[in-house]
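Chemist: Could you have a look at this structure, given as structure tokens, before my questions?
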Number of protein chains: 4
Amino acid sequence: MLAEIKGLNEECGVFGVFGHLDSAQLTYYGLHSLQHRGQEGTGIVVSNGDKLKVVKGEGLVSEIFTENVMEDLKGTSAIGHVRYATAGGGGYENVQPLLFHSQTGSLALAHNGNLVNANFLKHQLETQGSIFQTSSDTEVLAHLIRRSGYPQLKDQVKNALSMLKGAYAYLILTEKELMVALDPHGLRPLSLGCIGNAYVVASETCAFDVVGAEFIRDIRPGELVIINEDGITSEQFAFNSTKSICAMEYVYFSRPDSNIQGINVHTARKNMGKRLAVEAPIEADVVTGVPDSSISAAIGYAEAAGIPYEMGLIKNKYVGRTFIQPTQSLREQGVKMKLSAVRGVVEGKRVVMVDDSIVRGTTSRRIVSLLKEAGATEVHVVISSPPIKNPCFYGIDTSSKEELIASDKSVEEIRQLIGADSLTFLSTEGMVGAIVKTDGTEGFCLGCFTGNYPTEIYPDTLQYYYQK
Amino acid sequence: MLAEIKGLNEECGVFGVFGHLDSAQLTYYGLHSLQHRGQEGTGIVVSNGDKLKVVKGEGLVSEIFTENVMEDLKGTSAIGHVRYATAGGGGYENVQPLLFHSQTGSLALAHNGNLVNANFLKHQLETQGSIFQTSSDTEVLAHLIRRSGYPQLKDQVKNALSMLKGAYAYLILTEKELMVALDPHGLRPLSLGCIGNAYVVASETCAFDVVGAEFIRDIRPGELVIINEDGITSEQFAFNSTKSICAMEYVYFSRPDSNIQGINVHTARKNMGKRLAVEAPIEADVVTGVPDSSISAAIGYAEAAGIPYEMGLIKNKYVGRTFIQPTQSLREQGVKMKLSAVRGVVEGKRVVMVDDSIVRGTTSRRIVSLLKEAGATEVHVVISSPPIKNPCFYGIDTSSKEELIASDKSVEEIRQLIGADSLTFLSTEGMVGAIVKTDGTEGFCLGCFTGNYPTEIYPDTLQYYYQK
Amino acid sequence: MLAEIKGLNEECGVFGVFGHLDSAQLTYYGLHSLQHRGQEGTGIVVSNGDKLKVVKGEGLVSEIFTENVMEDLKGTSAIGHVRYATAGGGGYENVQPLLFHSQTGSLALAHNGNLVNANFLKHQLETQGSIFQTSSDTEVLAHLIRRSGYPQLKDQVKNALSMLKGAYAYLILTEKELMVALDPHGLRPLSLGCIGNAYVVASETCAFDVVGAEFIRDIRPGELVIINEDGITSEQFAFNSTKSICAMEYVYFSRPDSNIQGINVHTARKNMGKRLAVEAPIEADVVTGVPDSSISAAIGYAEAAGIPYEMGLIKNKYVGRTFIQPTQSLREQGVKMKLSAVRGVVEGKRVVMVDDSIVRGTTSRRIVSLLKEAGATEVHVVISSPPIKNPCFYGIDTSSKEELIASDKSVEEIRQLIGADSLTFLSTEGMVGAIVKTDGTEGFCLGCFTGNYPTEIYPDTLQYYYQK
Amino acid sequence: MLAEIKGLNEECGVFGVFGHLDSAQLTYYGLHSLQHRGQEGTGIVVSNGDKLKVVKGEGLVSEIFTENVMEDLKGTSAIGHVRYATAGGGGYENVQPLLFHSQTGSLALAHNGNLVNANFLKHQLETQGSIFQTSSDTEVLAHLIRRSGYPQLKDQVKNALSMLKGAYAYLILTEKELMVALDPHGLRPLSLGCIGNAYVVASETCAFDVVGAEFIRDIRPGELVIINEDGITSEQFAFNSTKSICAMEYVYFSRPDSNIQGINVHTARKNMGKRLAVEAPIEADVVTGVPDSSISAAIGYAEAAGIPYEMGLIKNKYVGRTFIQPTQSLREQGVKMKLSAVRGVVEGKRVVMVDDSIVRGTTSRRIVSLLKEAGATEVHVVISSPPIKNPCFYGIDTSSKEELIASDKSVEEIRQLIGADSLTFLSTEGMVGAIVKTDGTEGFCLGCFTGNYPTEIYPDTLQYYYQK
């Protein structure tokens with residue numbers, strides 16, 4: 001479904017290169033392929049072995065990095081970031097990578113995920129005289145590193161990481177090194193690849209395909225990888241780590257051409273659709289998906305159910321940032337945007353409409369109504385994930401608990417609210433099984449569905465989420 | 001397939017409203033839904049019953065029409081245009097609608113299509129002292145109208161239209177009237193609808209859905225419709241008219257949710273895919289379509305052939321105008337953009353790749369190679385239209401004849417050039433049959449496939465095309 | 001005084017080059033030095049001997065012509081224009097030079113001045129089927145040229161010029177020629193110079209100094225100069241011509257470093273100040289001028305009167321287009337802009353304030369009050385020109401007659417309105433004598449002072465001015 | 001003379017308001033009047049009593065603060081800054097005011113001047129774990145405040161100020177207070193005024209005139225003024241203070257309508273010109289000044305010497321940032337910009353050219369040559385300040401010592417280099433006497449002329465200046 005109308009936003013994507021003359025260019029193309037993970041700001045820090053240089057701004061990769069800008073970004077290693085503003089708010093200074101200079105060297109940070117003890121640590125650091133540049137939780141790591149007493153940067157970083165709680169895939173760039181760290185639960189995806197002798201890291205493997213890199217392996221929970229001119233080394237900085245990757249990465253966030261933990265996202269989604277066809281068999285004439293993220297599941301459903309897949313909904317491709325929203329009065333007259341129902345396909349038909357999730361329910365109601373106005377005689381909504389009942393503390397900008405329609409409504413109540421003829425959610429086991437073909441639900445963070453979070457949640461974090 | 005990498009570009013879309021207080025806003029949303037027909041320039045002329053006002057510019061609808069701009073565009077009738085620059089070249093002055101002021105009143109023109117005797121008429125008019133403002137063929141109509149001796153505008157327009165040869169869907173707006181004219185062969189689509197008492201016209205019916213209008217009927221070949229405060233009237237200005245609508249509108253140009261001549265475009269494309277499965281049965285593991293325009297045909301092929309449809313190719317959504325093209329050296333290192341093959345889907349598989357057409361062949365070669373690099377063991381290319389062997393003189397910017405790969409190469413030669421394991425084009429009868437379910441090929445312009453054009457082609461037009 | 005707060009605006013400046021490889025660059029620098037003559041729009045047309053190319057836009061020379069733009073403007077002859085929108089209104093299409101293409105060749109026009117029979121001619125031409133692109137009177141010449149029956153362009157131009165009435169300095173550029181024409185009364189300045197073998201023409205000689213050109217002579221009233229690769233030729237197209245150059249060019253419009261008809265503008269202004277000291281001897285402590293255009297006259301006054309010249313008023317240099325005007329409430333609290341009085345200079349002093357002219361009187365009142373608030377004990381206003389009682393029809397955007405304070409008020413009434421302790425205007429003879437050191441007032445257009453215009457004024461022109 | 005071609009740049013201007021509902025608007029107009037002190041960046045921080053909000057950017061006041069931006073800047077106190085980048089380099093993050101948030105409150109800083117022990121203090125602070133956001137020396141104060149152990153902000157600030165060496169006029173804004181501090185030598189100007197019950201502070205009094213404020217007094221060296229809702233209080237934080245105001249503020253930097261230490265700048269400059277006429281009597285026909293800053297001195301010279309003042313040089317007003325510099329070849333052909341000599345005034349004349357200072361000498365050479373090319377028979381250069389032989393460490397961006405022409409050349413050598421017929425510098429006593437009418441040189445920093453600096457200069461500061 002469309003992120004912008006859904007209230008479910010990934011906050012970040014990261015990309016890094018070490019040891020390639022075109023490091024900034026590769027980062028540009030890599031970030032571009034991760035643009036779906038964040039459209040509000042982007043930045044690249046490049047090192048020429050001697051100095052770090054940053055360019056960042058609020059906007060899309062292709063808006064911030066013009067040819068003139070790229071010509072000035074030369075170096076052999078680089079890290080980049082695309083962001084959706086969640087914790088910390090917007091503004092230029094919160095755009096990542098963050099770059100810190102000191103008389104002993106520079107340090108750049110790019111972070112995907114969200115810490116749950118950031119406010120606690122910030123308060124401690126400020127009491128000791130630290131001044132924070134940003135309102136982002138990412139910056140905490142820099143201060144912890146600078147205040148760590150260890151003489152070696154590697155030990156400073158390990159010591160600092162050990163104080164963080166929450167979700168993080170961190171890229172750390174200095175003049176001479178690229179460090180890559182994943183939180184002890186591996187909540188966010190992070191993969192390692194190579195182009196010849198150069199190493200690349202990225203939030204998703206689709207970035208490797210785009211830059212012509214070869215996939216090596218996924219970064220492990222609690223692992224710190226250090227790449228410098230002596231090669232690549234790896235250490236565990238946390239040992240009680242248990243993999244709990246975010247299930248919504250498969251359901252909604254990641255690109256269908258990415259593989260996470262070795263599993264193709266499109267295939268996982270198609271399997272979710274097939275499972276749904278088994279869990280929710282419906283007599284209908286056509287199956288349609290809500291573009292773009294639900295198409296795979298819809299095709300899977302159609303295939304398994306033996307009902308033709310049709311393009312019953314179409315997205316308006318050119319809806320950009322500057323697009324003028326229709327006034328209330330125009331909307332009442334029927335002016336639509338973003339999504340249209342295809343009358344020629346759904347008129348007089350019983351329609352199965354496949355979507356990936358329901359957050360506030362308003363969009364689902366609108367789409368059901370679009371289909372009915374276009375002549376659908378029945379609209380059966382099937383959702384390729386379980387009901388989202390709880391907020392995410394790890395970097396997904398779900399609405400607050402009160403706004404989540406499933407937090408206090410039954411499936412039947414939701415069905416009535418969205419006006420569907422039937423409504424089915426995929427079971428938790430069905431979803432996990434579609435991804436990994438096992439019976440249990442091990443290895444995934446299912447917090448937003450079940451309310452069981454892999455980490456402790458700090459009171460001030462809870463407060464932040466409930467104040468929103 | 002992607003227009004920008006294919007060399008096959010529609011030149012225009014038009015939209016008009018008469019009798020609605022939000023005429024400019026409706027035109028904005030209407031044009032937005034026609035944006036796929038032209039992304040290089042756009043304009044709106046609005047009438048408040050007393051004066052015409054124009055805003056136009058080079059760029060997308062959402063770029064040119066900002067909220068400030070729209071606040072100044074108030075009136076009860078309006079016409080708008082989106083364009084891809086073909087005949088006439090670019091530049092602000094060629095962006096339509098063209099607006100002509102005189103001491104006896106103003107006249108605005110929006111034109112979809114291409115005249116074949118424009119240069120001939122222009123030469124005549126200049127000899128008589130006319131000065132042309134633009135290099136567009138559209139302007140000829142304004143001069144013919146102004147020089148016509150008839151006292152009534154309607155007769156001036158009919159007289160002027162009778163001198164034009166070629167393809168045209170014209171919207172003509174004055175302070176008091178909206179006139180709508182379609183060429184005697186009906187080469188371009190043009191439909192009439194209504195919103196309450198207001199009338200709307202649009203190149204495609206998808207615009208009606210977006211603005212909440214009801215479809216009334218298609219404009220007839222050789223018809224002049226006049227809408228003013230007395231209501232709507234219609235006259236034939238040409239009687240030897242025979243419908244010859246452009247088949248490529250179904251194959252490639254129009255939006256899948258539009259109906260042309262009562263036939264849904266997605267359904268026509270899906271039928272083309274089904275026909276292809278019959279004309280070209282292939283043993284394969286997966287079917288994939290080239291996004292976006294070939295998805296419908298691919299789904300039809302998969303359904304008819306009983307082979308799973310998979311998302312084997314994915315388009316990078318954020319490739320905009322300012323995107324930096326990879327250098328030759330980066331491209332050789334494997335940096336891709338616009339289109340990626342999904343390794344997790346195609347690796348080790350025999351792939352049927354469905355595309356809508358082949359123009360120069362370069363893109364097909366690139367996509368076949370993407371799929372093979374991603375591990376496809378066989379790539380069978382099936383095309384949902386016949387080979388394009390001839391230029392279009394009616395408003396489609398095909399490459400010149402020398403660049404059309406099918407103009408002098410056999411199917412087998414093309415197959416070798418693009419590196420496919422097999423290559424099949426849909427037959428002309430198959431294509432037409434998929435659209436209208438008849439046996440013949442009546443009612444369509446098939447000039448680019450067959451070389452038989454519905455109108456005379458003037459020598460200077462030919463020269464223009466062969467000089468390109 | 002400051003044009004923007006005065007309501008007295010020059011409409012244009014023109015610059016042309018023939019026979020120089022850097023013709024566009026020279027035009028850029030030339031226009032830049034003429035920027036004071038018009039800040040609303042600018043354009044350059046360049047010829048490479050084969051084709052004309054135009055760049056124009058609304059804004060300053062340095063805003064429209066960026067380095068990228070200039071790189072594309074290559075040729076050996078060029079004409080350029082800066083404009084202040086008067087007759088014809090604003091908008092991109094009215095920015096000059098106007099460029100007209102036809103199948104027999106192109107023609108570009110740049111015009112300084114205003115025609116008084118433009119509407120009459122336009123009406124005639126439209127009746128014959130001509131379509132006007134702009135609302136500017138300049139375009140009339142192009143249509144007259146195109147409709148002239150003569151086979152040679154030179155004769156077409158002479159025939160067309162003979163039909164025009166009013167003020168014009170025209171530059172006409174074709175692929176092969178630069179033509180230069182001045183109206184039979186020579187109402188606007190226009191000079192000829194050279195750089196080696198290349199010829200240049202400009203509205204003011206300051207442009208020659210800036211581009212390193214040598215002054216040859218002024219263009220004569222009623223003269224048509226033709227420059228092409230065979231050299232330079234000149235013809236009179238009007239024989240009843242009598243020189244009547246606009247006196248306000250010396251008083252206010254032109255740059256102090258320009259020479260008009262051999263007379264330096266700064267020197268003429270200083271002489272006006274000296275004359276004023278004789279015509280209006282005042283007992284005072286300091287003399288101050290209103291920046292920028294009245295400084296020369298103020299220095300002349302101070303020198304002749306033996307009173308120290310001081311910087312009693314200072315202009316805020318950085319007041320640009322985007323500057324935010326203070327609200328009424330802030331203005332009442334004393335927030336000033338554009339002009340400040342220098343307390344340290346005027347406090348406790350009797351001040352002679354020299355200005356060049358009074359149009360509506362509002363600015364004079366504001367400045368007198370600024371000086372008094374800053375502590376001046378007396379403010380004596382002396383004006384280096386006679387009262388402006390009548391509109392200008394020749395290209396100066398004075399306010400309409402009702403707005404001209406001197407049109408129906410005596411000097412004493414004006415003095416009271418502006419709050420000065422005394423007010424003196426220079427006599428007409430004094431002004432002319434300061435310029436040419438003769439006794440009469442021959443050779444000048446003094447229409448705005450005397451109401452005697454050198455040409456007939458057409459009824460529809462009058463109507464236009466009285467409707468404003 | 002023109003700052004941009006001279007290599008002598010002021011680094012900053014500051015403006016602050018406390019207790020006014022239009023505080024941001026007043027700051028906008030105040031900064032605008034201080035724009036001559038820095039054109040590279042500007043910012044405003046506003047407090048609504050509860051929260052600080054910042055807007056800043058690289059560009060002019062009128063470019064950064066658009067109407068939209070200003071509408072969002074509401075509050076009752078504000079500080080603002082205009083800057084020319086010197087120590088610390090450019091970039092958005094170095095644009096002031098700097099704003100620091102912490103969980104105990106926010107703090108904004110605006111600084112005019114330059115510290116001489118910034119690097120020393122920075123090094124100490126980083127060793128203790130501080131992370132600096134900017135490369136500006138201004139930020140040091142924030143860290144010193146945050147690390148000070150005192151419980152009260154006032155004492156934290158006093159303690160922190162006591163550690164700084166060099167030149168500083170600091171404005172410090174918190175949610176509730178405005179603090180104003182001047183270094184113990186009072187090297188930079190800083191004045192206090194009021195608008196009704198509201199207080200304003202500004203680098204120059206011209207800002208008071210523009211916003212309608214009344215001058216109260218100058219801030220004293222070593223004084224800390226604290227303004228909050230309880231009123232205004234003042235303390236000395238340094239007692240060994242001796243006033244040493246920068247003499248170049250009178251000679252060149254400040255606006256002629258400002259008063260510094262009660263002395264009007266225009267008057268001081270005019271007196272310098274009069275002194276020069278006594279120290280350097282010359283037989284000549286005309287006196288001319290280099291616009292803009294030397295006009296006052298030139299008028300004083302002309303008055304005292306009894307030689308007419310003429311406008312022999314004229315500045316091109318529209319030379320903006322985007323102006324394209326002429327190529328070397330165009331410059332050799334005589335294309336000029338920025339400054340033109342007025343042939344009509346100087347031809348055949350013996351000219352006294354008054355300028356305020358000579359830095360590298362290149363500009364003087366160019367102007368002398370402009371005057372001679374325009375026909376001046378003799379050019380006598382008189383300079384209204386002594387030779388600049390030494391760098392400034394207090395916030396003026398002079399060239400490094402090697403670039404200062406007077407650092408190793410005699411007056412006669414400089415005369416030859418610039419091609420003048422004679423060259424005279426004003427004596428140090430003459431300059432000081434023209435300002436304060438005393439015999440000694442007490443009360444001024446004359447470091448750039450004499451090499452005697454009022455503070456210690458730290459080795460790493462020296463190194464910075466000699467590395468440039």
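Residue numbering: from 1, along the chain as shown.
Backbone N, Cα and C define each Cβ position, glycine as well.
Automatic, uncurated: that is what TrEMBL annotation is.
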Chemist: If TrEMBL says C:Asp355, C:Asp356 bind Mg(2+), which of C:Ser293, C:Ser296, C:Ser422 does it name for the same site?
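Modeler: Among C:Ser293, C:Ser296, C:Ser422, only C:Ser293 appears alongside C:Asp355, C:Asp356 as Mg(2+)-binding in TrEMBL.
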Chemist: Check TrEMBL for me: it has C:Cys246, C:Cys445, C:Cys448 binding [4Fe-4S] cluster, so pick out which one of C:Cys12, C:Cys392 it puts in that same site.
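Modeler: Site partner of C:Cys246, C:Cys445, C:Cys448 for [4Fe-4S] cluster, according to TrEMBL: C:Cys392.
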Chemist: A 10 Å Cβ contact count, applied to the recorded positions C:Cys12, C:Cys392, C:Cys445, C:Cys448: which residue has the minimum?
Modeler: C:Cys392
Chemist: In the three-state scheme derived from DSSP, which category covers C:Cys392 ([4Fe-4S] cluster binding site)?
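Modeler: In three-state terms, C:Cys392 ([4Fe-4S] cluster binding site) counts as coil.
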Chemist: Please report the Cα separation of C:Cys246 ([4Fe-4S] cluster binding site) and C:Asp355 (Mg(2+) binding site) in Å, rounded to an integer.
Modeler: 19
Chemist: Taking DSSP three-state, what's C:Cys12 (active site, nucleophile) in: helix, strand or coil?
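Modeler: Strand, per DSSP.
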Chemist: Determine, from DSSP, whether C:Asp356 (Mg(2+) binding site) sits in helix, strand or coil.
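Modeler: Looking at the DSSP assignment, C:Asp356 (Mg(2+) binding site) belongs to neither helix nor strand, so coil.
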Chemist: Give the sequence-ordered set of same-chain residues, not counting C:Cys246, C:Cys392, C:Cys445, C:Cys448, with Cβ within 8 Å of the centre of the Cβ atoms defining the [4Fe-4S] cluster site.
Modeler: C:Leu187, C:Ala247, C:Met248, C:Tyr394, C:Ile396, C:Leu446, C:Gly447
Chemist: Hey, does DSSP put C:Cys445 ([4Fe-4S] cluster binding site) in a helix, a strand, or just coil?
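Modeler: The three-state answer is strand.
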Chemist: Looking at the binding-site residues C:Ser293, C:Asp355, C:Asp356, which has the shortest Cα distance to C:Cys392 ([4Fe-4S] cluster binding site)?
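Modeler: So, of the listed binding-site residues, the one sitting closest to C:Cys392 ([4Fe-4S] cluster binding site) is C:Asp356.
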Chemist: C:Asp355 (Mg(2+) binding site) to C:Cys12 (active site, nucleophile): how many Å between their Cα atoms?
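Modeler: Approximately 23 Å lies between the Cα of C:Asp355 (Mg(2+) binding site) and that of C:Cys12 (active site, nucleophile).
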Chemist: State the count of C-beta atoms found within 10 angstroms of the C-beta of C:Asp356 (Mg(2+) binding site), not counting that atom itself.
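Modeler: The Cβ of C:Asp356 (Mg(2+) binding site) has 27 Cβ neighbours within 10 Å.
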Chemist: Counting across all protein chains shown, how many other Cβ atoms sit within 10 Å of the Cβ of C:Asp355 (Mg(2+) binding site)?
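Modeler: Summing over all protein chains shown, C:Asp355 (Mg(2+) binding site) has 23 other Cβ atoms within 10 Å.
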Chemist: Have a look at the recorded positions C:Cys12, C:Ser293, C:Asp356 and say which one has the shortest Cα distance to C:Cys448 ([4Fe-4S] cluster binding site).
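Modeler: Closest by Cα distance to C:Cys448 ([4Fe-4S] cluster binding site) among the recorded positions C:Cys12, C:Ser293, C:Asp356: C:Asp356.
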Chemist: Could you state the CA-to-CA distance between C:Ser293 (Mg(2+) binding site) and C:Cys12 (active site, nucleophile) to the nearest Å?
Modeler: 18
